[in-house]
Amino acid sequence: MNFMATQSPSPPPVSPANPAIKPAPARDDGDSVVLERRTQRTQPPQMFQVVMLNDDYTPMEFVVMVIQQFFSKDREQATQIMLKIHLDGKGVCGVYSRDVAATKVDQVMDAASKAGHPLQCVSEPVE
Ligand code: TYC
């Protein structure tokens, strides 16, 4: 919600053709400030988290490499994320706009299938 200060409308001028025609009486003197209540219309864009899933076959080293390559993490960060996935069953690799998240999922799945690993990755809206 925000507010905008506006001047109340001033009455129309007296008709020069016929000064007998007077404008309707103003409701105020035209100097008052009116605060209009405005509803905020725009929402921040929905963000999506890329979640990687654990499995029993994909080598840890491959997962670390994929996280480094596609999620711009250093080796230490990538290892921490991989271990969290390994222990918890899943973990967030990054949060992006809808299209970027979808691209990351495609890149991971493509790299995994080319390497013959069953690694799975999904994108889901952030609450
Ligand atoms: N659990 C796998 C292993 O022990 C490693 C792994 C981690 C696989 C994270 C997938 O998303 C994953 N080799």
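The backbone N, Cα and C atoms fix where each Cβ goes, and this holds for glycine too.
Curation plays no part in TrEMBL annotations; they are all automatic predictions.
TrEMBL annotations:
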type: REGION; residues: 1-41; note: region 'Disordered'
type: COMPBIAS; residues: 25-39; note: compositional bias 'Basic and acidic residues'
type: DOMAIN; residues: 44-121; note: domain 'Adaptor protein ClpS core'
The mean pLDDT across the domain 'Adaptor protein ClpS core' (44-121) is 98
Per DSSP, how many helix, strand and coil residues does the domain 'Adaptor protein ClpS core' (44-121) have?
44 helix, 17 strand, 17 coil
